[in-house]
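Over in TrEMBL, the protein carries these features:
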| type | residues | note |
| --- | --- | --- |
| ACT_SITE | K207 | active site, proton donor |
| BINDING | K107 | NADPH binding site |
| BINDING | E192 | L-homoserine binding site |
| DOMAIN | 350-428 | domain 'ACT' |
Amino acid sequence: MTQALRLGIAGLGTVGVGVVKIVRRHADLLQARTGRPVQITAVSARDANKDRGVNLSDYAWETDPVSLAKRDDVDVFVELMGGENGPAKASVEAALASGKDVVTANKALLAIHGQELAEKAEAAGRVIRFEAAVAGGIPVIKSLTEGLAGNEITRVMGVMNGTCNYILTRMQSQELGYNALFEECAQLGYLEADPNLDVGGIDAAHKLALLSSIAFGTKPNFNGIEIEGIQQISLDDIHQAHDMGYRIKLLGVAQRTARGLEQRMQPCLVPSDSPLGQLEGGTNMVVLDGDAVEQIVLRGPGAGEGPTASAVMGDVCDLARGLHIPTFGRPAASLEEAKPAVTGLPAPYYLRLGLQDKPGALAKVASILGDAGVSIDRMRQYGHAESTAPVLIVTHKTTRATLDVALEGLRDTDVIAGEPVALRIEEV
Ligand SMILES: NC(=O)c1ccc[n+]([C@@H]2O[C@H](COP(=O)([O-])OP(=O)(O)OC[C@H]3O[C@@H](n4cnc5c(N)ncnc54)[C@H](OP(=O)(O)O)[C@@H]3O)[C@@H](O)[C@H]2O)c1
């Protein structure tokens, strides 16, 4: 019989247990598809006595994931612990140094240390596969590296944090404010231990850094991403965007422009009738634009035991079949330094201002925008009971730098109450 592919799994939480279940449930299917048995030989987690709801008695137990990574009876090290440093990084390095391929779901590790690890993998003649790290069950990395390999990719865009999309769509459907939904997500266990990773846009930005690297052949540059979370989005913004035919999404966009590589993860308005506008709940969506294919839209579960384990097993099956694609889809040494765009491409913006109820206030706003070079496309003033009136403006296309000059001017006047909200309207 052909030699088995032997897995060592470090991390037996949500994803790790999901992987163990698939290997056990689909042993025959995996062998039929890859031509060889896929087996687990050893596992590691912190607590050896925890009941994880799966039978682990057939596998050797290692308390130290680095020791697991070095075992002679492990061919592929599967890292499912998480964390950008600590045992995850140490054990991945140990696995590569011991001549093993690595499969991981760890976006933080790769967004921060991806280049260094990809170079180490190549020096060792191994690969790191990480389909599960981006958009959970959606095979977006395979789509970019394999299905779309003949395209020049012009843009990568998507909703890649299910918790944020859940909050934003429930704000719309349940008429609940951000704080109430944040609490609900905490109760449901939808938030990371540090919730700012989710609502602050950092988790989704880690994913964008990885996709951007594959799409544009650049070294992962997490620090080059403009990141803004969803914390300042109010129920008013949701309603007013809806009135004008838009939905608000935490949207990641990466595109190569004449001004450099533009990478941003921020709340944006997208047309309500677009696929992104219709994306509900915790689902993820990635939209890929290529010169030959034009556009493809991938949609599916972005997290959870089954979907994430499904993506891990896709990578495992590739390795079992002998498919070794370089970590970021091309040799690590050939990845260019990402030159961040100085300013983003111009776009229309949505502005929400609390206008003081004073004569001439609106004229003052219009003149500040005009002086900065921002022209108004549409404007709406809402009914009000207090001394300030919500005013909503949609601008013509402008750069964020120009808009920032106008916002500075608005903050300095005595006709605006509170902080103006400015959200980009994305062409999708
Ligand atoms: N959950 C998802 O839906 C999802 C989706 C996409 C990607 N991911 C990524 O997948 C990875 C795992 O996520 P998860 O949700 O499965 O995490 P999790 O449920 O918190 O599980 C983490 C596992 O790692 C083990 N672990 C932590 N530190 C360890 C150490 N020092 N030595 C040995 N084991 C250690 C834990 O052991 P104990 O059980 O003994 O505490 C636990 O089994 C992360 O990188 C995450 O970002 C998760």
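Keep in mind that glycine also has a Cβ here, set from the backbone N, Cα and C atoms.
Automatic, uncurated: that is what TrEMBL annotation is.
Within 10 Å of the C-beta of E192 (L-homoserine binding site) we count 15 further C-beta atoms, all protein chains included.
Within the same chain, residues at least 6 positions away in sequence whose Cβ sits under 8 Å from that of K107 (NADPH binding site) are F130, A133, V134, D203, H206, K207, L210.
Cβ contacts within 10 Å of K207 (active site, proton donor), excluding its own Cβ and spanning all protein chains shown: 26.
Within the model, the domain 'ACT' (350-428) carries an average pLDDT of 92. Per-class residue totals from DSSP over the domain 'ACT' (350-428), listed helix then strand then coil: 24 helix, 32 strand, 23 coil. In the three-state DSSP assignment, the secondary structure recorded for the residue listed as 'active site, proton donor' is helix.
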